[in-house]
Amino acid sequence: MEKARRGGDGVPRGPVLHIVVVGFHHKKGCQVEFSYPPLIPGDGHDSHTLPEEWKYLPFLALPDGAHNYQEDTVFFHLPPRNGNGATVFGISCYRQIEAKALKVRQADITRETVQKSVCVLSKLPLYGLLQAKLQLITHAYFEEKDFSQISILKELYEHMNSSLGGASLEGSQVYLGLSPRDLVLHFRHKVLILFKLILLEKKVLFYISPVNKLVGALMTVLSLFPGMIEHGLSDCSQYRPRKSMSEDGGLQESNPCADDFVSASTADVSHTNLGTVRKVIAGNHGEDAAMKTEEPLFQVEDSSKGQEPNDTNQYLKPPSRPSPDSSESDWETLDPSVLEDPNSKEREQLGSDQTNLFPKDSVPSESLPITVQPQANTGQVVLIPGLISGLEEDQYGMPLAIFTKGYLCLPYMALQQHHLLSDVTVRGFVAGATNILFRQQKHLGDAIVEVEEALIQIHDPELRKLLNPTTADLRFADYLVRHVTENRDDVFLDGTGWEGGDEWIRAQFAVYIHALLAATLQLDNEKILSDYGTTFVTAWKNTHDYRVWNSNKHPALAEINPNSVQNSERGKKIGNVMVTTSRNVVQTGKAVGQSVGGAFSSAKTAMSSWLSTFTTSTSQSLTEPPDGKP
């Protein structure tokens, strides 16, 4: 059967690459104990050897602090082997069992409890679906109380590849276990802040324990971006490691060469904090603020005032040299109009303290991109007008090329990967951590998201200003929260609600980003863009994802009204049309809800049925004990 699932070159044909068991050894720590097929061709299934690219696999599959929980689930990403291919998606279920309960206790088991993790390495980002199947298998594997019984794991590999062989990334099964409703109920208006943070390609760290809450929240935020889960993560774990950044930083010497990538920009090095120049402009402003409609959107540290003189040492900065496109500094050519906030008066009506949340300041500006693409046949390098994302895009250019060119998505980051936070080839990241050491390294990131408390800590006042919600933003967020809370009981009862449901929320964010993109293409669009935040849009236009999108044509956007929902009279009409439309297709929404809600049950039922059949056949074959076994 294995031969049927593999091509002549030995490469697996199905979406599942490997089934791996990771255990904790009292002397060696976390290590791979079993892999099928072997992680390295030619090795045995019990080999501990790891490919260099996957050296962190044991620490991801069996996370830090696992001993504090009886069982948990982890989502993680691995880079492709040999630099070829796409991200490998890992789903791991770990459990622990008392050593005295084991039927067969191996000699190296010296502790009172045994921790092991069963994980699937897949080519498809089917997080929830694989989790549902894997939880049952892990439970059955532990129920054997004999970890040498690996036949069930080999059969799991074959079963998953046969059942998922024709799996599509376009259906609702991609979003299983990712609930925007729960996210909105928990973060409320701050969901839009998280959305904008990632649009700006900032360094964002999510923090909470246990791991399943962490990865669930992080991946749910990403599911708000159209097409991101399905097609936007294929390059999210690739980077070219170089030396870590020192305090003095020699960034000019460490910039990636143009030929390091298919497409390269002169300004792709992290642009998270702009050092002393921005601080001089900023001056001193009040920091703590409250909003009438909501608790403070950002957690502001009291010590930030005293940190101003030391900012040059605390924050990572991009190269100070000017771009090759201009002999002047980007700051010298900055349009003074971007220093003004046209929405300040309007926001004062919502809350008198809100406009003082961030000091007025300018926005980073970067050089225009230079695209390098090898020419077919000749192999010569030529300049071409458009940047290539390398992603499978729809007619609107979705998903945006956020997680490309060294901007990483790490749903769970092991402590052993800490160096990535200061690697100069990592433009930014959206990462999750459970170890408090990550949270303490605030100078290495732009924002820390405390999931448990629904807090967003941003220590850079200029970034807080960029993310300061406009009146239109607050209306949009309130529109979401109101519909989710009003329909909470109905959706919970039958799981099929449309308005306020998971698919409905994703539809609202799709309209939001489509309208924002359409607005950037309009002439005389200052008033429209002010609804999203003039300074925010200016900063966003300098990100890699926007430059890639803007360098290509998307005719379908001509049909999009460039007004965000709830931001004006026309915007309100759009919102009303969406509500009417959603009511008209409520039956379709219920069908979608039923398919999503039932997919978990369906997956578990199918796996239980297969597991029952496998267990029965195994029991029959073991009616008589083998020779030599008591």
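Just so it is clear, glycine is given a Cβ too, placed from its N, Cα and C backbone atoms.
Looking at the stretches 197-213, 214-230, 401-417, the one that Swiss-Prot records under the feature transmembrane segment is 214-230.
Residue counts for the domain 'uDENN' (17-161) under DSSP (helix as H, G, I; strand as E, B; rest coil) come to 45 helix, 46 strand, 54 coil. Averaged across the domain 'cDENN' (173-340), pLDDT in this predicted model comes to 61.
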